[in-house]
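Contents: one structure, followed by commentary.
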Amino acid sequence: MSNPGQAHYIPGLDGIRALAVCAVVAYHLNLGWFPGGFLGVGIFFVLSGYLITDLLVRQWEGTGRIDLRDFWVRRARRLLPAMCSVLLVVIVWLALFQTTRLAELWGDIAASLLYVTNWWFIVNDTAYFSRFSTASPLMHFWSLAVEEQFYLVWPVILMLGLRFVTNRKLLFAIILIGALASALAMYFLYVPGLLDTSRVYYGTDTRAFSLLMGAGLALCRPAGNLGKEGKGRTGLSTIAMDFTGFVGLAVLIWMICGTSQYEPFLYQGGMVLQSTATAAVIAAAVQPSTWIGHCLSWKPLRWLGIRSYGIYLWHYPILLLTFTGEERSFLHTAVQMTAVLVIAAISWTYLEKPIRYGYSIWSRQRGNTDKRSSMES
């Protein structure tokens, strides 16, 4: 989403992305320190809701309209190239080495292309927290489906809201009511004691509250107003934002390190708490004078965050398709993760960026980068 080439690039948000994708990868590596690493997906949801809404609201304020076609084309150029490349590699790998399994996964592949994976898994009772060795290499596509469904519907709803609800506070309240309805859907559809939580975990209706909370935040704290609050890192408002941001970050770390998928707490308000904590971190990170924004702008975090989409897409099939059935050794894990990072970096540089921005712009950026590297060396 945010990228160094954009007008309102906020490096701290890439740091948040990095933390989210690291949590998800750590969970899929079955590292015992991060039993709640799957909650990283919820962080992505809040961030997506925030950035997309901020983008659309800025366009509305600047032009008096929202160009839906342009928005959807840009989303397609951003998301489809990397996703299709992953699908192609998975199909080829299975065709070469696991032909029988490929025949079982055509439904998953079709659902992935149509961005309905989450509902496909619900209908087919495919549990996310099932045995890793028997999981689909496309299991993680469920979250992409939730986001894409949001991208299709939300711009239209927001456009109508901006047109007919002129009071921003009222519009904010309506969005929060929608988030509350989604959270209540998760609460009432969750069955305590039932190990398979697929319906509430995958459902667009039961996960929309995270996206809507991010959307609400964009209305009351837009990224376009950067630098208008606080004086340096000692202003009262900056100190307050830092405090709430670090508290939010502490809550996220506690939940990722101290909760598991089987705790009723998560489905009865815990994920709402997580989304609230994420919103607090985002609100602080978009203010460049905050310490938390400075910390999250650390260059290694930014590098991971910029490539987080590719890392998320590639890590699961690589971990699963190279799984030997035995306990992972340190060397095996290191090789897998090196492959993930290298492939994600190549995908970002040579596939995603050229298609997203156009080859001519990408080529000029590459040329400028090469010149800077030569001067620095």
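Cβ atoms here come from the backbone N, Cα and C positions, even for glycine.
These numbers come from a predicted model, not from an experiment.
As annotated in TrEMBL, transmembrane segment covers the listed stretch 208-224 rather than the other ranges in 106-122, 208-224. Contact between the transmembrane segment (208-224) and the transmembrane segment (330-351) is not supported, since fewer than 3 Cβ pairs fall under 8 Å when only residues 6 or more apart in sequence are counted. Non-local neighbours of the transmembrane segment (330-351) in the same chain are 25, 29, 81-82, 85, 306-307, 310-311, 313-315, 318-319, 322, 324; each lies 6+ residues outside the stretch with a CB under 8 Å from one of its CB atoms. Listed stretches 37-57, 78-96, 236-256, 271-292, 304-324 were compared with the transmembrane segment (170-188); the greatest number of C-beta pairs under 8 angstroms is found for 271-292.
When Cβ-Cβ distances under 8 Å to the transmembrane segment (37-57) are tallied for each of 78-96, 149-165, 236-256, 271-292, 304-324, the top count falls to 271-292. Contact check: the transmembrane segment (78-96) against the transmembrane segment (304-324) gives at least three Cβ pairs closer than 8 Å, residues 6 or more apart, which meets the contact criterion. Residues 48-49, 52-53, 56-57, 60, 65-66, 68, 71-72, 75, 115-116, 171, 174-175, 204, 208, 211, 215 of the same chain sit 6 or more residues outside the transmembrane segment (149-165) yet have a Cβ under 8 Å from a Cβ within it.
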